[in-house]
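**Student:** Mind having a look at this structure? Questions to follow.
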Amino acid sequence: MTAMDRLDHVSNQLAAKRQKKNPEGKPFRITVVGSGNWGSTIAKVVAENAKELPEEFHQIVKMWVFEEEVDGRKLTEIINTDHENVKYLPDVKLPDNIVAIPDIVDACADADIIIFNIPHQFLPKILAQLKGKVNPKARAISCLKGLEVTKDGCKLLSNYITEELGIYCGALSGANLAPEVARQKWSETTVAYRIPQDFRGEGKDVDQSVIRNLFHRPYFHVRVIDDVAGVSLSGALKNVIAMAAGFVEGLGWGDNAKSAVMRIGLVEMIKFAHMFFEDCQSTTFTHESAGVADIITTCAGGRNVRVGRYMAEHKVSGFEAEKVLLNGQSCQGLHTTREVYELLAAKNVIDEFPLFKATYQIIYEGLPMEKLPELLEASED
């Protein structure tokens, strides 16, 4: 028995001991909304747990897929027949209990737990289709990386989901590059989930132990905390920092420069969090995978740093780089940078966030990347 086999065996024994038995005899039904590389990866994780915990989770995990054709075949057909998302997560076998569904309402109608995992700019359209058509007792987890921003302030996407659908929503974020998680390379993540005010009782409703059982794997360790705002903001703002890290990497400035960007970015992230969400906990950013660990990982190899690097190396726009590099997927940092800048400018506090400001100016106003150190130094005078 290999070390990983032993780890699997011990993990399965522990999971069996803590498995919640629904007194109504109805395991929780799971739906994943989204089938990009991270959506497909999370579907793989929860489908594996559904198989191992049949008294707690329904054996079938539904995954909503935006239908498209790949080499003349529908993507849902490929996933359901070949058990592989050949476009967004190639060369990774998916569990056969994942069922790809092209209709969003059909995918979510009877779900007890809905996991949202789509580019955040598509969320309003998705929620409009689901409004009034989901189980009113369902719970949700947002894996989205972004904010709902207006000139008056910003809203967590988890709160936006709650307001639109009337169901409680937590958040998942961490140092999780999807290809590594999908290939079962060990990592950890943070799930923020508070017990809902209308909690119906242990075994009848989703509590923190159910959430941990749903996501925790021997290769994907889960810490469940209460700070939904902190986890959500970390997942969104780290992408802005990663864009800037990509700039300095593409310019060939080395690891010292990238570390400086990451340090300044972490400071601005915490300042932003406390400015708009007073109940955020600073330890979320410094102690959890969703905080500094996610910044490090995202700046080392995520799609946002790749886009920023390509912009610097090839002197192209962010959206050109996105098109070349991401195979139809979204670079969230491009959108979040604009949203954060517009909010801070409307509040007349943009100069308190020099890295966020400079990143916006580079992407959207053509500011030379080489001016980044000068702008950051001037802000400290």
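Using N, Cα and C of the backbone, Cβ positions are placed for all residues, glycine too.
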**Student:** Let me know which member of LYS133, LYS137, LYS145 Swiss-Prot also records as binding substrate at the site of ARG303, ASN304.
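**Tutor:** Matched candidate out of LYS133, LYS137, LYS145, per Swiss-Prot for substrate with ARG303, ASN304: LYS145.
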**Student:** Between the Cα atoms of PHE66 (NAD(+) binding site) and LYS238 (active site, proton acceptor), find the distance and write it as a whole number of Å.
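**Tutor:** About 26 Å separates the two Cα atoms.
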**Student:** Over all shown protein chains, what is the count of other CB atoms within 10 A of the CB belonging to LYS238 (active site, proton acceptor)?
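**Tutor:** Taking all protein chains shown, LYS238 (active site, proton acceptor) has 33 Cβ neighbours within 10 Å.
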**Student:** How big is the Cα-to-Cα gap, in Å, between GLY34 (NAD(+) binding site) and ARG303 (substrate binding site)?
**Tutor:** 17
**Student:** What are the non-local neighbours of TRP38 (NAD(+) binding site), defined as same-chain residues 6+ apart in sequence with CB under 8 A from its CB?
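**Tutor:** Correct list: ASN117, CYS143, ASN176, ALA178.
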**Student:** For LYS145 (substrate binding site), just count the other CB atoms lying within 10 A of its CB, please.
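**Tutor:** Here the count is 27.
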